[in-house]
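Notes follow the structure.
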Amino acid sequence: MKIEKIEVRRLHLPLKHAFETSFGVQTKRDFLLVSAHGEGETGYAESVAMPFPFYNEETTDTIIYMLETFLIPLVLTSPIERPEDVARLFAPIRRNNMAKAAIEGAVWDLYAKQKGMTLAQALGGERTEIEVGVSVGIEPSVEDVVQKVEGFVAEGYKKIKVKIKPGFDIALIEALRKRFGDSLPLMADANSAYTLEQIDIMKELDQYNLIMIEQPLAHDDIVDHAFLQNQLKTPICLDESIHTAEDARRAIELGSCKIINIKIGRVGGLTESKKIHDLCQAHNMPVWCGGMLESGIGRAHNIAITSLPNFTIPGDTSTSNRYWEQDIVVPEVAFLKPGILAVPDGPGIGYAINWSAVQALQVHEKSYTMADVKS
Ligand SMILES: O=C(O)CCC(=O)c1ccccc1C(=O)O
Ligand SMILES: [Mg+2]
């Protein structure tokens, strides 16, 4: 497949409401829209790093640097037959997974479009509909979260994930169980806010029939998580700790988790996401698709990967209107039925770009061809 030109646009997309996690607050999404052109088709993907290095080490600016200095020149000057070749090209470059994923994803979309397939089909996905949940941020009070959850339950979301941090944990879960009962599919995401010194809090959370506790301990740990998993009946789900299929293998062998959250950006792209999916499937470990407050482009990629068979737990791919007044895709991501998204049947990601919205949000644009990177 020929990749003739790559474009990078930086966009600032305002969030409807501030989104707070244990590591920080966001009021807008600062991300890159990457386009890969070849043979008359264009593939799209977005970068998912936060503007600050508090979730992982990458930021939007480190991604621009990596794309421009290393990744785009490699893609424009190397023979590429399939998207997996891009992952292979990038393998000697350590980490910078979200930078790699931003361009690898655009190549996957381009590949699917050149072959006249959906991205889901190109990835080997089978599902035509997926179940989704919603991630609810930290609010000033427990009652504020309960109210938000009320709205999402009414909308039909299949899983409710709430963010927790020390001092905003047990009382929150207790209030949610009291209000919605024991059958609400509820989980908590700590974003690494705890250590084993706070194991008593984890043991208390263990009493609330949560479907999982996501990343309670350090972002770079699988040893303490294994110890903790042994003490809990609630499954631990790893997010921040898993960057590769090798990380997943080690976590499975150690017993560090019972579930893995796959984020395409965190693991360096769709090729690695598929590998982790396949590995987990072989070990009877369910996976689900996490989110990074993506625009519709990232959402479309998340929907496509979720069509693979071992994505058996609803992911964080909520609808466009959960975060955006106006998304940058047409049509916007919306429920087919409550809590259910259709896997689109158009070529590639199956969503078109709303160019007037992009134009209005764009703060930077640059285009790269073979001639640019050689000079
Ligand atoms: O709705 C979403 O996109 C998921 C939101 C979310 O939970 C999240 C958002 C930003 C960074 C990390 C996380 C996380 O899953 O840990
Ligand atoms: Mg998480």
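Just so you know, glycine gets a Cβ as well, placed from its N, Cα and C.
Residues or ranges marked as domain 'Mandelate racemase/muconate lactonizing enzyme C-terminal' in TrEMBL: 142-235.
In this view, K163 (active site, proton donor) is surrounded by 24 other Cβ atoms within 10 Å of its Cβ, with every protein chain counted. Among the features that TrEMBL reports, active site, proton donor is placed at K163.
Cβ neighbour count for D189 (Mg(2+) binding site) (all protein chains, 10 Å cutoff from its Cβ): 26. The Mg(2+) binding site annotation in TrEMBL covers D189, E214, D239.
Sequence-distant neighbours of K263 (active site, proton acceptor) (same chain, six or more apart, CB under 8 Å from its CB) are V48, D239, C289, G290, G291, M292, listed in sequence order. Among the features that TrEMBL reports, active site, proton acceptor is placed at K263.
Between the CA atoms of K163 (active site, proton donor) and D189 (Mg(2+) binding site) there is a gap of 5 Å. The binding-site residues in question are E214, D239, and the one with the fewest Cβ neighbours inside 10 Å is D239. Note: the Mg(2+) site is recorded as D189, E214, D239; in the same chain, K161, M187, A190, N191, I213, Q215, C237, L238, E240, N261, G290 also have Cβ atoms within 8 Å of that site's Cβ centroid. In the vicinity of ligand 2, defined as a Cβ distance under 6 Å, the following of the recorded positions K163, E214, D239, K263 are placed: E214, D239.
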